[in-house]
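> Next up is a structure, given as structure tokens.
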């Protein structure tokens, strides 16, 4: 045990405080400079009084911040669960086909149904993510031994490749779809207002609550399936439940923001580094660390890009790529 | 990392370079006068200032979509066309009879250079974009393979420079140099209609000396404000009395626009919004007002003072006349006290 339970609990409290600070930054900082007093007044009145400062604060920044918190938490937890259930330190929602499924469905919406606009993509992306995850899980479950980590990774790669090629085939012949998709695919919190927030919040909250019950069984799975079985766990059921939660969390987050990379991959490692290998702690740590990283990246993008903005997906890629390299090197050291 | 500003603009450009030149080309797609075209030597001063010379007048031409349509309107039929989208939907090409013309590309940035080489072209025609210092189809961001098109034959084009009039005159001059007869009565009629339209436009702007306008293109992620310096038709409008505002800080890497985040959407307050015509629909203003909380912070947007702007696609007098007539109506109905 690296740290005592008390230490870990106070760590969580610290992270909650940190998240509050970052959320405050996200509401007060942006490409438009607004006096702190104006922001506070808008927050205090809690109604749009028609001034631009109040509109920007309440209708742009607050929903955007809340979407960032929810999507970040969802991606962090989904990544942690996947890394646990597949015993693959490089797993994230992408390997489950979630991004490719969402992208395929968004392209379908653009080309076949003629729909355009972020707020309309939400449900298609969500549906696509769920379908892709279901497909991956079903394919991996075939055979006597069920959905083993290796089969899951293979099925995920196969479904991703299949869906990506279909998506490419469509967008190569349709430049409008290509451009729409290119924007969506970077991942962004811009333009995510109240309707999107209200749409995805119930799913993410449900998924987050459910995820907290998975810590103990993930610990069992981490010891290997036979050991877990020996400890009396129903491995197949656990895995199915874990995948259900991941599909809802990552699907909803991807629907809201587009495919945001690295968060689900990097944050669980950070969490593990801080609190050790116990999933009962890794899950809540990931749940708090991920939105901190996501919001921080978003605020940076807004300040660095002013008077325009940098998309959070771009900022994250720049920030997290070196961390990812570090993880790869660290993992190799452990193996050696 | 791809530049998202550029990519957005590209999607717009894809439609832009359609250069609709439909007026008067329905019936006169007769082949060029071969006897005249066979003579030489030939030379043409291209948009970048280079004088391009040939021993004999080129007759096997590969042209970009809108430029091809312009040439066809003067009776010069290219052997190959490269477009930025399927020719069936390309605004310039969809109503033209393209039989006998090889289609070399139907997507921005992708040209089948091998097929182009098999046509043995002796001239490539595409607009010159001064802001990018490149011809249509050879700009930064296209497939590297596409750029080899320039190795097949000399390339010429008229500059997207100071005025649409220059573009219209330029393609007429190019067509003439290639042996076209430009005495079709339809061509003269379009020129006349254009002159009348300019007079009416000038009268409308003179009646509203305080009216300000801005070229804008809102998207889900950002708001783009056009920089007239690189939009010949906006320069024309300014010249004819419409105060099209110049954005204070055009993007450095792609100076066609100043990009604003939605938080800063209200940075400019014109009396009339000139909405990028390649994306314009009558219902869009209300839609953006509904989905973007700050769009109606622009007073003109809230008041519904929006009209389509023929962004980057005009090549001929006929199209320009039609668009000017619509703008004149919008200006006559505009309120010069909406913005700041």
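Even glycines carry a Cβ here, placed using N, Cα and C.
Just so it is clear, the model here is predicted, and its values are computed rather than measured.
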> Which range is it, out of A:47-64, A:65-82, that shows up in TrEMBL as transmembrane segment?
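That would be A:65-82, the stretch labelled transmembrane segment in TrEMBL.
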> For the transmembrane segment (A:279-300), I need the partner stretch with the highest count of C-beta pairs below 8 angstroms, choosing only from A:94-115, A:121-140, A:152-175, A:195-219.
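Looking at each of A:94-115, A:121-140, A:152-175, A:195-219 in turn, the most contacts to the transmembrane segment (A:279-300) are made by A:195-219.
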> Any residues 6+ beyond the ends of the transmembrane segment (A:94-115) with a Cβ under 8 Å from its own?
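Beyond its ends, the transmembrane segment (A:94-115) has Cβ neighbours at 82, 86, 88, 121, 124-133, 135-136, 152-153, 156-157, 159-160, 163-164, 166-167, 170-171, 174, 176-177, 180-181, 184-185, 243, 246-247, 250-251, 254-255, 259, 261, 264.
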> Does the structure show the transmembrane segment (A:65-82) and the transmembrane segment (A:152-175) touching, where I'm treating 3 or more Cβ pairs under 8 angstroms (sequence separation 6 or more) as a contact?
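Contact absent: fewer than 3 Cβ pairs fall under 8 Å.
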> Tell me whether the transmembrane segment (A:152-175) sits in contact with the transmembrane segment (A:121-140), defined here as at least 3 Cβ pairs under 8 Å among residues 6 or more apart in sequence.
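Touching, yes - the transmembrane segment (A:152-175) and the transmembrane segment (A:121-140) meet the threshold of 3 or more Cβ pairs under 8 Å.
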> For the transmembrane segment (A:240-267), which recorded stretch in the set A:121-140, A:195-219, A:312-331 gives the largest number of Cβ pairs separated by under 8 Å?
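Result: A:195-219.
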